[in-house]
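One structure below.
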Amino acid sequence: MTMIPELAFLALLFALVSALLLAIVPHIGIKQGNPRLITSAWNLSYLFGIFTTLSLLGLAYCFVTDDFSVQYVAAHSNSALPRFFKIAATWGGHEGSMLFWLFSLGLWTMAFAFFSRKIDPIIASRTLSILGLLCFGFALFIVFFSNPFERLFPSPLEGRDLNPMLQDVGLIFHPPLLYFGYVGFAVNFALTLATFLSGHFDAALARWTRPWVLVSWFFLTLGIMLGAWWAYYELGWGGWWFWDPVENASLMPWLLGLGLLHSLSVSEQRGVFHYWTILFSLFAFAFSLLGTFIVRSGVLTSVHAFAMDGERGMALLMLFFLLTTCSLTLFALKVNVRPSENSAVHFSFFSKESLMLIANILVAVATASVFLGTFYPMLFSAMGWGSISVGAPYFNTIFLPLIVLALLAMIFVVSAFWKKIHRTLLRRNVLLLIPACGLAYAMIAFTIQNDETLHFQVLPFALISLAFWLLGVTLWGAWRSLSLKRWAMVIAHCGLALTVIGATMSSYFASEIGVRLSPNQSQMLNGYAFHYLGFRNELGPNYTSEVAQFEITKNGEKITALCPERRYYEVRTMNMSEVGLYWNLLGDIYIVMGDKLGAGEFSFRLHYKPFVRWLWIGATLMAFGALLSAFALRTRRAKDE
């Protein structure tokens with residue numbers, strides 16, 4: 001037994017004190033006009049970041065060294081657990097994930113302190129002070145409600161092991177990326193509140209803010225994509241999005257961040273949409289906190305909600321309501337905040353401003369719809385009216401028309417300029433609809449030709465046609481400018497088009513069948529022959545498994561060999577399926593191994609997912625476009641300075 005847990009907890013206490021000083025001292029300095037107290041915000045920010053990093057490293061050390069005297073380590077690790085999963089287990093449970101959240105907040109606070117030297121020191125120190133208040137609130141929550149360093153006496157010889165669902169490479173990166181995205185919105189939240197107190201919000205501040213939002217949205221997009229990918233190949237359902245409450249919780253700040261990015265662009269270039277920008281800034285971080293409440297309270301049933309603790313959940317909910325109420329109250333009091341210039345801007349209905357306004361409305365409606373569908377069942381139950389389930393049909397019914405309208409707005413915005421629309425560009429872009437429809441029809445016809453159960457459908461045809469149309473007008477218009485900023489937008493919009501195509505094709509034209517197979521039996525699906533050759537037993541580091549062997553052929557030619565498996569984790573006494581997966585740009589072949597039915601005989605679920613890979617490629621392009629845009633803005637700002 002070492003003193004590392006106590007030292008790590010001491011670092012957490014030092015972080016708590018640093019956060020309290022960061023919240024108070026710069027504010028006093030501004031009130032007194034004391035430059036030394038104002039500039040202390042920067043040093044205190046670095047101190048807080050260093051202490052939270054040391055605390056997290058201490059917890060990771062406890063996992064790597066199998067210190068089962070720490071209750072959190074004993075609950076989420078085992079000596080047989082591979083080392084990289086031990087590191088991932090650091091944030092695999094409630095206490096560790098909250099510490100990682102605090103660590104992320106510390107990194108973002110340090111980053112803001114480092115890059116904010118050239119903006120108004122009063123606004124910068126106020127922003128850091130507000131971030132310090134957030135840091136203090138979360139640090140206080142961890143110390144009193146979620147301490148990951150509590151000792152366990154007597155200490156067990158072995159731990160309970162990490163949840164087998166989390167023993168996956170994708171889950172090493174999925175939660176950290178989500179947290180970096182969630183917490184990144186805290187910077188813009190704090191900066192927005194700081195501008196309230198300073199009494200103005202101008203184009204220069206909007207330009208300075210955008211890179212922070214872009215980087216946060218980059219992390220959140222990658223985190224959601226990895227989570228969808230993990231659900232696709234790890235849960236064995238063959239789907240990638242289930243409208244699970246936690247998925248919805250990540251989607252809401254993602255949508256608000258998307259609206260914020262476009263509002264900031266209009267605020268910077270046209271001096272309008274400041275109220276939209278402010279509200280998006282406040283709600284993006286507020287809904288990030290709400291997502292944390294959903295995951296950690298256990299109030300909503302979810303495959304993600306591994307921690308069921310009402311007391312902790314209520315503490316997080318109180319923090320959410322406190323921040324939301326205070327920020328909205330401040331907004332109401334300061335609603336007369338106006339841009340310092342260009343306060344009166346007029347534009348026609350057919351202009352880029354109007355289309356951006358439509359996009360903002362669509363984002364607000366989509367977010368409100370997800371919020372209602374996620375929380376209405378909980379409210380219905382809390383009022384004693386019984387139980388009700390809101391599932392995929394509700395969300396799909398709401399989102400399909402919103403996606404259509406969003407795609408149309410994006411298509412026409414390419415033909416628009418500030419204040420007016422370019423009629424020549426509009427006519428040319430309308431003509432591109434013809435080849436877009438042709439490509440959509442060809443893609444669907446190619447997919448359904450080998451499966452008699454699939455038929456042509458109008459709705460997916462319309463969605464795919466619009467996506468190809470967006471792809472065409474975006475790429476055609478890209479050559480008007482070779483600037484890095486424009487190409488970042490082109491990449492992100494093309495990524496959205498590919499995402500819509502992949503999501504639509506894999507949802508409407510997938511093939512699947514459940515079968516029971518004995519060795520040397522075969523099954524046909526979508527023109528592919530699945531030959532089951534037999535199975536073998538394998539011993540993993542902390543599990544045993546039965547591995548099936550398949551050979552996949554098409555027209556008598558071997559395509560690949562796949563080995564789905566069924567694992568048994570002895571410590572957790574859980575069975576998990578590992579899918580057999582073969583992919584190319586045209587589709588995925590996907591096998592899920594089920595129960596053993598006899599000597600060598602198992603049940604299997606066979607899937608063919610057309611063009612699902614385009615979904616992951618599109619999401620990656622969207623994220624990369626956001627990062628490239630942040631780099632372009634940062635480079636331009638450096639030149640201006």
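Every residue, even glycine, has its Cβ placed from backbone N, Cα and C.
The domain 'Cytochrome c assembly protein' annotation in TrEMBL covers 91-297.
Marked as domain 'Cytochrome c-type biogenesis protein CcmF C-terminal' by TrEMBL: 317-630.
According to TrEMBL, the transmembrane segment annotation covers 6-29 (among others).
Sequence annotations record features per position, and here TrEMBL assigns transmembrane segment to 98-115 (among others). Beyond its flanks by at least six residues, the transmembrane segment (98-115) meets 12, 15, 22, 41-42, 45-46, 48-53, 55-56, 59, 90-91, 124, 127-128, 131-132, 134-135, 138-139, 141-142, 146, 148, 175-176, 179-180, 182-184, 186-187, 212, 292, 296 of its own chain at Cβ-Cβ distances under 8 Å.
Residues or ranges marked as transmembrane segment by TrEMBL: 127-146 (among others).
Per TrEMBL, the feature transmembrane segment maps to 179-199 (among others). Below 8 angstroms of C-beta separation, residues 91, 97, 100-101, 104-105, 107-109, 111-112, 120, 122-124, 126-128, 130-131, 134, 205, 209, 212-213, 215-223, 253-254, 257, 260, 278, 281-282, 284-286, 288, 291-292, 327, 330-331, 334, 337 of the same chain, each at least six residues beyond the ends of the transmembrane segment (179-199), sit close to that stretch.
Per TrEMBL, transmembrane segment is recorded for 251-266 (among others).
Summarising the annotation, TrEMBL assigns transmembrane segment to 273-294 (among others).
For 314-333 (among others), the entry in TrEMBL reads transmembrane segment.
Summarising the annotation, TrEMBL assigns transmembrane segment to 398-418 (among others). Remote same-chain residues near the transmembrane segment (398-418) are listed as 269-270, 347, 350-353, 355-356, 358-359, 362, 365-366, 369, 373, 425-426, 429, 459, 462-463, 466-467, 469-470, 473-474, 477, 493, 496-497, 500 (criterion: CB distance under 8 Å, separation of at least six residues from the stretch ends).
Here TrEMBL flags 430-448 (among others) as transmembrane segment.
Counting same-chain residues at least six beyond the ends of the transmembrane segment (454-478), those with a Cβ under 8 angstroms from any Cβ of the stretch are 400, 403-404, 407-408, 410-411, 414-415, 425, 428-429, 432-433, 435-437, 439-441, 443-445, 447-448, 486-487, 490, 493-494, 496-498, 500-501, 504-505, 507-509, 511. According to TrEMBL, the transmembrane segment annotation covers 454-478 (among others).
Sequence-distant neighbours of the transmembrane segment (490-510) (same chain, 6+ residues past either end, Cβ-Cβ under 8 Å): 238, 240-241, 403, 407, 410, 443-444, 447-448, 454, 457, 459-460, 463-464, 466-468, 470-471, 474-475, 477-478, 607-626, 628-629. The transmembrane segment feature in TrEMBL is assigned to 490-510 (among others).
The transmembrane segment annotation in TrEMBL covers 614-633 (among others). Sequence-remote contacts of a segment are chain residues at least 6 beyond its ends whose Cβ falls under 8 Å from one of its Cβ atoms, and for the transmembrane segment (614-633) they are 207, 210-211, 214-215, 217-218, 221-222, 224-225, 228-229, 240, 261, 483-485, 487-503, 505-506, 585.
Model confidence over the domain 'Cytochrome c-type biogenesis protein CcmF C-terminal' (317-630) stands at 88, taken as the mean pLDDT rounded to a whole number. Here the transmembrane segment (251-266) sits against the transmembrane segment (273-294); at least 3 CB pairs are under 8 Å, leaving out pairs fewer than 6 apart in sequence.
Proximity of the transmembrane segment (127-146) to the transmembrane segment (430-448) is not established, fewer than 3 Cβ-Cβ distances being under 8 Å for residue pairs spaced 6 or more apart.
Within the same chain, residues 454-456, 460-461, 464-469, 471-473, 476, 501, 505, 509, 587, 610-611 sit at least 6 positions outside the transmembrane segment (430-448) and bring their C-beta atoms closer than 8 Å to a C-beta of that stretch. For the transmembrane segment (273-294), the list of distant contacts is 101, 181-183, 185-186, 188-189, 191-192, 201, 206, 245-246, 249-250, 252-253, 256-257, 259-260, 263-264, 266-267, 300, 302, 305, 313, 316-317, 319-320, 323-324, 327-328, 331, 335, 337-339, 356-357, 360, 363, 367, 371, 374: same-chain residues at least six beyond its ends, Cβ to Cβ under 8 Å.
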